[in-house]
Amino acid sequence: MHPYLELMRVHKPVGTWLMFWPFAWGLSLAARQQVIPLTRYAVLFLVFFFGAFFTRSTVCTLNDILDRDFDRQVERCKSRPIASGRVATKNAIVFYLMQLVVCLALSALMNKVAHHVYPLLKRWTNWPQAWLGLAMNWGLPVAWAAVARSMDLPVLSALLSGSWCWTVLYDTIYACQDMDDDRKAGIKSTALLFGEWILPLLRMFAVGLVSSLIVTGLLTDSGPLYYVISVVGVVLHLAWQFRTVDLHVPNSCGDIFKANSTIGFLIWAGLFGEYILSVYRS
């Protein structure tokens, strides 16, 4: 694959989906409240998807520029375009600036500053995943604001807290792929911080996600469709994740990380179903 497409992670779309789903959740919640036409929903859905794609691609390029020396010490990352020498650092910076122009054109859609700070935090704190939880889920209130003039703070707070727990959960599992190399290179993460408590703590974050989904359903007077798809579906998927994952096997961690896109889809499907019902009833 062309090295610049690799910088954008075109071959690894799961990151785009993980960034996009909170946009889709916020859009669906606000669309249900405002009962907007399906055509407007579809247009906003596509706009937010491309916003997530370009922002994620830009951040991946910046991450590879900043982490090029670390990447050369990590087995899974040393073949990346900059670390391997296939793309010169100065060329990567130019490419990053070109991508940034596209992102600036979509500036109303994202909190890009939060995303661009994340790569630096791995040097300073064991909690980069906590910051990522804020950056990855900023689309939830942004999408809501694109549809409704006022925000339902209790609903947004409930779902944002759960989505933050979800991000810490899946990105900690992702970080488990590189624990040995990260320890040697001095890279910090919750995977290293949690140590032998990692599974109990990950289960705690999973409970936080499910609890927030229940509270969101109660606050929005959601029906059985939402609870079956978005709550029961997520519980079953999380149970499968914990039964399947082996945090000491990198491939297992990578597979479970990718599977978390299904969690995002299940939450969206229930919220979207409730929106469709509201359109039908109107």
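First residue shown is number 1, and so on along the chain.
Just so you know, glycine gets a Cβ as well, placed from its N, Cα and C.
Here TrEMBL flags 40-66, 87-110, 130-148, 155-177, 197-218, 225-242, 262-280 as transmembrane segment.
Each of 40-66, 197-218, 225-242 was scored by its Cβ pairs under 8 Å to the transmembrane segment (130-148), and the highest score goes to 40-66.
Long-range Cβ contacts of the transmembrane segment (225-242) within its own chain (Cβ-Cβ under 8 Å, at least 6 residues beyond either end) map to 199, 202-203, 206, 209-210, 213-214, 217, 256, 259-260, 262-263, 266-267, 269-271, 273-274, 277. Outside the transmembrane segment (262-280) by six or more residues, the chain places 17-18, 20-22, 24-25, 28-29, 31-32, 35, 37-38, 41, 166, 170, 209, 213, 220, 222-223, 225-231, 233-234, 237-238 with a CB less than 8 A from a CB of the stretch.
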